[in-house]
(Lines of atoms letter the chains of each structure in order from A and count residues from 1; the text may use other names and numbers.)
(Lines give C-alpha, C1' and ligand atoms only; values in the text may rest on other atoms or scores of the structure.)
Protein backbone atom coordinates (compact mmCIF):
# COMPACT_ATOMS: atom_id res chain seq x y z
CA UNK A 1 0.00 0.00 0.00
CA UNK A 2 1.45 3.39 -0.98
CA UNK A 3 2.00 6.17 1.48
CA UNK A 4 -0.83 8.18 -0.05
CA UNK A 5 -3.24 5.27 0.16
CA UNK A 6 -2.15 4.56 3.74
CA UNK A 7 -2.76 8.17 4.62
CA UNK A 8 -6.18 8.10 2.99
CA UNK A 9 -6.98 4.85 4.81
CA UNK A 10 -6.10 6.39 8.18
CA UNK A 11 -8.34 9.43 7.79
CA UNK A 12 -11.71 7.75 8.31
CA UNK A 13 -10.27 5.16 10.69
CA UNK A 14 -8.70 7.97 12.68
CA UNK A 15 -12.06 9.76 12.78
CA UNK A 16 -13.72 6.59 14.11
CA UNK A 17 -10.96 6.08 16.70
CA UNK A 18 -11.15 9.70 17.80
CA UNK A 19 -14.93 9.50 18.12
CA UNK A 20 -14.60 6.27 20.13
CA UNK A 21 -12.06 7.87 22.45
CA UNK A 22 -14.17 10.99 22.93
CA UNK A 23 -17.46 9.17 23.41
CA UNK A 24 -16.36 6.18 25.52
CA UNK A 25 -12.70 5.87 26.43
CA UNK A 26 -12.13 9.39 27.76
CA UNK A 27 -15.31 9.50 29.92
CA UNK A 28 -14.49 6.02 31.23
CA UNK A 29 -10.93 7.01 32.15
CA UNK A 30 -12.22 10.20 33.71
CA UNK A 31 -14.64 8.18 35.84
CA UNK A 32 -11.87 5.80 36.91
CA UNK A 33 -9.70 8.79 37.76
CA UNK A 34 -12.37 10.29 39.97
CA UNK A 35 -13.04 7.01 41.77
CA UNK A 36 -9.44 6.39 42.67
CA UNK A 37 -8.51 10.02 43.36
CA UNK A 38 -10.14 10.04 46.83
CA UNK A 39 -10.69 13.79 46.56
CA UNK A 40 -11.83 15.61 49.77
CA UNK A 41 -14.28 17.57 47.57
CA UNK A 42 -16.13 15.09 45.31
CA UNK A 43 -18.80 17.63 44.45
CA UNK A 44 -16.19 20.02 43.13
CA UNK A 45 -14.63 17.24 41.04
CA UNK A 46 -18.00 16.39 39.51
CA UNK A 47 -18.55 20.06 38.76
CA UNK A 48 -15.64 20.17 36.36
CA UNK A 49 -15.55 16.46 35.31
CA UNK A 50 -19.15 16.15 34.11
CA UNK A 51 -18.99 19.08 31.63
CA UNK A 52 -15.66 17.77 30.39
CA UNK A 53 -17.08 14.26 29.86
CA UNK A 54 -20.20 15.67 28.22
CA UNK A 55 -18.15 17.85 25.88
CA UNK A 56 -16.02 14.85 24.95
CA UNK A 57 -19.07 12.71 24.20
CA UNK A 58 -20.72 15.48 22.14
CA UNK A 59 -17.52 15.96 20.13
CA UNK A 60 -17.36 12.21 19.41
CA UNK A 61 -21.02 12.21 18.42
CA UNK A 62 -20.42 15.10 16.00
CA UNK A 63 -17.54 13.23 14.39
CA UNK A 64 -19.61 10.05 13.99
CA UNK A 65 -22.60 11.98 12.68
CA UNK A 66 -20.48 13.65 10.04
CA UNK A 67 -19.10 10.29 8.98
CA UNK A 68 -22.61 8.81 8.87
CA UNK A 69 -23.79 11.80 6.81
CA UNK A 70 -21.03 11.21 4.26
CA UNK A 71 -21.87 7.50 4.01
CA UNK A 72 -25.59 8.27 3.66
CA UNK A 73 -24.90 10.84 0.92
CA UNK A 74 -22.71 8.32 -0.90
CA UNK A 75 -25.44 5.68 -0.56
CA UNK A 76 -28.11 8.05 -1.92
CA UNK A 77 -25.94 9.02 -4.88
CA UNK A 78 -25.26 5.34 -5.61
CA UNK A 79 -29.00 4.68 -5.43
CA UNK A 80 -29.71 7.41 -7.97
CA UNK A 81 -27.05 5.98 -10.25
CA UNK A 82 -28.53 2.49 -9.89
CA UNK A 83 -31.92 3.82 -11.00
CA UNK A 84 -30.45 5.36 -14.12
CA UNK A 85 -30.13 8.89 -12.79
CA UNK A 86 -27.17 11.21 -12.79
CA UNK A 87 -24.89 10.94 -9.75
CA UNK A 88 -21.94 13.32 -9.50
CA UNK A 89 -20.17 11.20 -6.90
CA UNK A 90 -16.86 12.96 -7.31
CA UNK A 91 -18.36 16.18 -5.92
CA UNK A 92 -19.24 14.65 -2.54
CA UNK A 93 -17.67 16.28 0.52
CA UNK A 94 -16.16 13.20 2.14
CA UNK A 95 -13.06 11.91 3.79
CA UNK A 96 -10.29 10.81 1.51
CA UNK A 97 -11.08 7.10 1.37
CA UNK A 98 -14.80 7.74 0.90
CA UNK A 99 -13.89 10.25 -1.76
CA UNK A 100 -11.69 7.57 -3.34
CA UNK A 101 -14.57 5.07 -3.22
CA UNK A 102 -16.87 7.67 -4.76
CA UNK A 103 -14.34 8.31 -7.53
CA UNK A 104 -14.02 4.60 -8.28
CA UNK A 105 -17.78 4.25 -8.30
CA UNK A 106 -18.06 7.26 -10.58
CA UNK A 107 -15.52 5.69 -12.95
CA UNK A 108 -17.47 2.44 -12.83
CA UNK A 109 -20.64 4.36 -13.59
CA UNK A 110 -19.01 5.96 -16.63
CA UNK A 111 -17.88 2.55 -17.85
CA UNK A 112 -21.39 1.18 -17.40
CA UNK A 113 -22.81 4.15 -19.31
CA UNK A 114 -20.29 3.54 -22.10
CA UNK A 115 -21.26 -0.14 -22.20
CA UNK A 116 -24.93 0.84 -22.30
CA UNK A 117 -24.23 3.25 -25.15
CA UNK A 118 -22.38 0.56 -27.09
CA UNK A 119 -25.16 -1.93 -26.38
CA UNK A 120 -27.71 0.55 -27.69
CA UNK A 121 -25.62 1.08 -30.82
CA UNK A 122 -25.32 -2.66 -31.33
CA UNK A 123 -29.05 -3.10 -30.72
CA UNK A 124 -29.75 -0.41 -33.32
CA UNK A 125 -27.38 -2.10 -35.77
CA UNK A 126 -29.05 -5.43 -35.10
CA UNK A 127 -32.44 -3.86 -35.80
CA UNK A 128 -31.10 -2.43 -39.06
CA UNK A 129 -29.57 -5.80 -39.97
CA UNK A 130 -32.85 -7.53 -39.11
CA UNK A 131 -34.78 -5.08 -41.26
CA UNK A 132 -32.34 -5.49 -44.16
CA UNK A 133 -32.49 -9.26 -43.76
CA UNK A 134 -36.29 -9.18 -43.82
CA UNK A 135 -36.25 -6.98 -46.92
CA UNK A 136 -33.68 -9.26 -48.54
CA UNK A 137 -35.82 -12.29 -47.74
CA UNK A 138 -38.91 -10.62 -49.18
CA UNK A 139 -36.95 -9.59 -52.27
CA UNK A 140 -35.60 -13.11 -52.69
CA UNK A 141 -39.09 -14.52 -52.25
CA UNK A 142 -40.48 -12.16 -54.89
CA UNK A 143 -37.62 -13.01 -57.24
CA UNK A 144 -38.23 -16.72 -56.72
CA UNK A 145 -41.92 -16.26 -57.49
CA UNK A 146 -40.97 -14.21 -60.54
CA UNK A 147 -38.55 -16.92 -61.65
CA UNK A 148 -41.28 -19.53 -61.36
CA UNK A 149 -43.66 -17.42 -63.44
CA UNK A 150 -41.07 -16.47 -66.05
CA UNK A 151 -39.86 -20.05 -66.45
CA UNK A 152 -43.24 -20.85 -67.99
CA UNK A 153 -42.55 -18.43 -70.83
CA UNK A 154 -38.79 -18.08 -71.29
CA UNK A 155 -35.71 -20.24 -70.83
CA UNK A 156 -33.54 -20.22 -67.73
CA UNK A 157 -30.81 -18.38 -69.63
CA UNK A 158 -33.10 -15.35 -69.86
CA UNK A 159 -34.81 -15.48 -66.48
CA UNK A 160 -31.91 -13.77 -64.63
CA UNK A 161 -31.70 -11.09 -67.31
CA UNK A 162 -35.38 -10.29 -66.93
CA UNK A 163 -35.16 -10.21 -63.14
CA UNK A 164 -32.24 -7.78 -63.30
CA UNK A 165 -34.13 -5.40 -65.56
CA UNK A 166 -35.53 -2.23 -64.04
CA UNK A 167 -38.69 -3.19 -62.20
CA UNK A 168 -41.73 -3.04 -64.46
CA UNK A 169 -39.81 -2.53 -67.72
CA UNK A 170 -40.54 -6.01 -69.02
CA UNK A 171 -44.26 -5.74 -68.28
CA UNK A 172 -44.84 -2.28 -69.72
CA UNK A 173 -47.42 -1.93 -72.46
CA UNK A 174 -45.65 -0.67 -75.57
CA UNK A 175 -45.18 -1.00 -79.31
CA UNK A 176 -42.21 -3.12 -80.28
CA UNK A 177 -40.75 -4.58 -83.43
CA UNK A 178 -40.99 -8.33 -82.91
CA UNK A 179 -40.99 -11.58 -84.85
CA UNK A 180 -43.93 -13.90 -84.23
CA UNK A 181 -43.94 -17.66 -84.86
CA UNK A 182 -47.06 -19.81 -85.22
CA UNK A 183 -46.79 -23.61 -85.31
CA UNK A 184 -49.80 -25.88 -85.79
CA UNK A 185 -50.29 -29.64 -86.20
CA UNK A 186 -51.80 -30.52 -89.57
CA UNK A 187 -55.07 -32.54 -89.54
CA UNK A 188 -54.94 -32.72 -85.76
CA UNK A 189 -58.69 -33.26 -85.35
CA UNK A 190 -58.63 -36.28 -87.68
CA UNK A 191 -55.59 -37.73 -85.89
CA UNK A 192 -57.12 -37.16 -82.44
CA UNK A 193 -60.32 -38.98 -83.43
CA UNK A 194 -58.29 -42.14 -84.00
CA UNK A 195 -56.59 -41.95 -80.59
CA UNK A 196 -57.67 -42.32 -76.98
CA UNK A 197 -57.83 -39.09 -74.98
CA UNK A 198 -54.89 -40.14 -72.80
CA UNK A 199 -52.79 -40.85 -75.91
CA UNK A 200 -53.62 -37.43 -77.37
CA UNK A 201 -52.57 -35.67 -74.17
CA UNK A 202 -49.36 -37.71 -73.92
CA UNK A 203 -48.47 -36.95 -77.55
CA UNK A 204 -49.11 -33.21 -77.14
CA UNK A 205 -47.11 -33.06 -73.91
CA UNK A 206 -44.15 -34.76 -75.61
CA UNK A 207 -44.44 -32.44 -78.60
CA UNK A 208 -44.79 -29.23 -76.60
CA UNK A 209 -41.93 -30.15 -74.23
CA UNK A 210 -39.54 -30.53 -77.15
CA UNK A 211 -40.77 -27.40 -78.93
CA UNK A 212 -40.63 -25.17 -75.84
CA UNK A 213 -37.03 -26.21 -75.10
CA UNK A 214 -36.07 -25.22 -78.64
CA UNK A 215 -37.83 -21.85 -78.33
CA UNK A 216 -36.11 -21.09 -75.03
CA UNK A 217 -32.73 -22.12 -76.42
CA UNK A 218 -33.08 -19.53 -79.19
CA UNK A 219 -34.07 -16.67 -76.87
CA UNK A 220 -37.77 -16.85 -77.67
CA UNK A 221 -40.71 -16.15 -75.40
CA UNK A 222 -43.59 -18.61 -75.25
CA UNK A 223 -46.78 -16.62 -75.76
CA UNK A 224 -49.41 -19.31 -75.40
CA UNK A 225 -50.79 -22.71 -76.38
CA UNK A 226 -54.08 -22.70 -78.28
CA UNK A 227 -55.17 -26.32 -78.53
CA UNK A 228 -52.52 -27.97 -80.69
CA UNK A 229 -51.17 -24.58 -81.80
CA UNK A 230 -48.08 -22.94 -80.34
CA UNK A 231 -47.28 -19.21 -80.48
CA UNK A 232 -43.83 -17.79 -79.72
CA UNK A 233 -42.41 -14.26 -79.85
CA UNK A 234 -38.84 -13.19 -80.58
CA UNK A 235 -37.39 -9.74 -80.01
CA UNK A 236 -38.67 -9.09 -76.50
CA UNK A 237 -35.80 -10.61 -74.60
CA UNK A 238 -33.31 -11.50 -77.34
CA UNK A 239 -29.75 -10.73 -76.34
CA UNK A 240 -28.18 -10.88 -79.81
CA UNK A 241 -30.52 -8.43 -81.57
CA UNK A 242 -31.44 -10.79 -84.43
CA UNK A 243 -34.97 -11.91 -83.67
CA UNK A 244 -35.83 -12.93 -87.28
CA UNK A 245 -32.82 -15.27 -87.49
CA UNK A 246 -33.63 -16.72 -84.06
CA UNK A 247 -37.22 -17.38 -85.16
CA UNK A 248 -36.16 -19.04 -88.44
CA UNK A 249 -33.57 -21.18 -86.65
CA UNK A 250 -36.21 -22.18 -84.11
CA UNK A 251 -38.62 -23.19 -86.89
CA UNK A 252 -35.97 -25.30 -88.64
CA UNK A 253 -35.05 -27.07 -85.38
CA UNK A 254 -38.73 -27.62 -84.54
CA UNK A 255 -39.37 -29.22 -87.93
CA UNK A 256 -36.29 -31.43 -87.49
CA UNK A 257 -37.49 -32.48 -84.02
CA UNK A 258 -40.97 -33.16 -85.41
CA UNK A 259 -39.48 -35.35 -88.14
CA UNK A 260 -37.54 -37.34 -85.53
CA UNK A 261 -40.67 -37.69 -83.39
CA UNK A 262 -42.67 -38.81 -86.40
CA UNK A 263 -40.11 -41.50 -87.24
CA UNK A 264 -40.17 -42.80 -83.66
CA UNK A 265 -43.94 -42.99 -83.61
CA UNK A 266 -44.10 -44.65 -87.01
CA UNK A 267 -41.62 -47.29 -85.86
CA UNK A 268 -43.76 -47.91 -82.77
CA UNK A 269 -46.95 -48.15 -84.81
CA UNK A 270 -48.41 -44.97 -83.30
CA UNK A 271 -50.22 -42.06 -84.90
CA UNK A 272 -47.92 -39.31 -86.13
CA UNK A 273 -48.32 -35.81 -87.47
CA UNK A 274 -46.71 -33.04 -89.50
CA UNK A 275 -46.31 -29.40 -88.62
CA UNK A 276 -46.88 -26.13 -90.49
CA UNK A 277 -45.05 -22.99 -89.33
CA UNK A 278 -45.60 -19.32 -90.19
CA UNK A 279 -43.30 -16.44 -89.21
CA UNK A 280 -43.73 -12.69 -89.62
CA UNK A 281 -41.87 -9.59 -88.44
CA UNK A 282 -43.38 -6.20 -87.70
CA UNK A 283 -44.68 -3.80 -85.07
CA UNK A 284 -46.98 -5.23 -82.43
CA UNK A 285 -48.52 -4.09 -79.15
CA UNK A 286 -47.07 -5.93 -76.17
CA UNK A 287 -48.58 -5.85 -72.70
CA UNK A 288 -50.95 -7.30 -70.15
CA UNK A 289 -54.29 -7.92 -71.83
CA UNK A 290 -57.39 -9.32 -70.17
CA UNK A 291 -59.69 -8.64 -67.24
CA UNK A 292 -59.01 -7.74 -63.63
CA UNK A 293 -59.29 -11.42 -62.70
CA UNK A 294 -57.16 -12.85 -65.50
CA UNK A 295 -54.36 -11.12 -67.39
CA UNK A 296 -52.04 -12.46 -70.09
CA UNK A 297 -48.80 -10.89 -71.20
CA UNK A 298 -49.17 -11.23 -74.97
CA UNK A 299 -48.78 -9.55 -78.37
CA UNK A 300 -51.49 -8.27 -80.68
CA UNK A 301 -51.54 -6.45 -84.00
CA UNK A 302 -51.38 -6.85 -87.76
CA UNK A 303 -47.96 -8.51 -87.55
CA UNK A 304 -49.45 -11.28 -85.43
CA UNK A 305 -52.43 -11.75 -87.73
CA UNK A 306 -50.19 -12.08 -90.80
CA UNK A 307 -48.02 -14.68 -89.04
CA UNK A 308 -51.17 -16.70 -88.30
CA UNK A 309 -52.26 -16.51 -91.97
CA UNK A 310 -48.81 -17.58 -93.17
CA UNK A 311 -48.96 -20.58 -90.83
CA UNK A 312 -52.30 -21.56 -92.35
CA UNK A 313 -50.71 -21.43 -95.82
CA UNK A 314 -47.83 -23.72 -94.82
CA UNK A 315 -48.17 -27.38 -95.70
CA UNK A 316 -46.97 -30.13 -93.37
CA UNK A 317 -43.21 -29.78 -92.87
CA UNK A 318 -43.08 -26.26 -94.39
CA UNK A 319 -41.92 -22.93 -92.95
CA UNK A 320 -43.42 -19.80 -94.54
CA UNK A 321 -42.06 -16.36 -93.61
CA UNK A 322 -43.12 -12.80 -94.43
CA UNK A 323 -41.10 -10.31 -96.44
CA UNK A 324 -40.00 -8.28 -93.40
CA UNK A 325 -38.62 -11.41 -91.76
CA UNK A 326 -36.75 -12.24 -94.96
CA UNK A 327 -35.29 -8.71 -95.25
CA UNK A 328 -34.33 -8.42 -91.57
CA UNK A 329 -32.62 -11.80 -91.39
CA UNK A 330 -28.82 -11.62 -91.10
CA UNK A 331 -27.90 -15.28 -91.45
CA UNK A 332 -27.42 -17.45 -94.52
CA UNK A 333 -30.59 -19.49 -94.66
CA UNK A 334 -31.88 -20.80 -97.98
CA UNK A 335 -35.18 -19.34 -99.19
CA UNK A 336 -37.59 -19.79 -102.05
CA UNK A 337 -39.85 -16.87 -102.97
CA UNK A 338 -43.53 -17.77 -103.13
CA UNK A 339 -44.43 -14.39 -104.64
CA UNK A 340 -47.37 -12.31 -103.59
CA UNK A 341 -50.28 -13.93 -101.83
CA UNK A 342 -53.54 -12.51 -100.55
CA UNK A 343 -54.25 -13.07 -96.90
CA UNK A 344 -57.48 -12.55 -95.04
CA UNK A 345 -58.16 -9.03 -93.72
CA UNK A 346 -55.29 -7.53 -95.78
CA UNK A 347 -56.03 -5.22 -98.71
CA UNK A 348 -52.54 -5.46 -100.16
CA UNK A 349 -50.95 -8.79 -101.10
CA UNK A 350 -48.15 -10.11 -98.94
CA UNK A 351 -44.81 -11.32 -100.29
CA UNK A 352 -43.77 -14.55 -98.60
CA UNK A 353 -40.87 -17.00 -98.73
CA UNK A 354 -40.47 -20.71 -98.12
CA UNK A 355 -37.51 -21.63 -95.90
CA UNK A 356 -35.58 -24.48 -97.49
CA UNK A 357 -34.33 -27.11 -95.07
CA UNK A 358 -31.25 -29.10 -95.99
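Glycine is no exception: its Cβ is also placed from the backbone N, Cα and C atoms.
Taken verbatim from TrEMBL:
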DOMAIN    179-311  domain 'Guanylate cyclase'
TRANSMEM  21-40  transmembrane segment
TRANSMEM  46-64  transmembrane segment
PLDDT averaged over the residues of the domain 'Guanylate cyclase' (179-311):
89
Under the DSSP assignment, what numbers of helix, strand and coil residues are found in the domain 'Guanylate cyclase' (179-311)?
62 helix, 41 strand, 30 coil
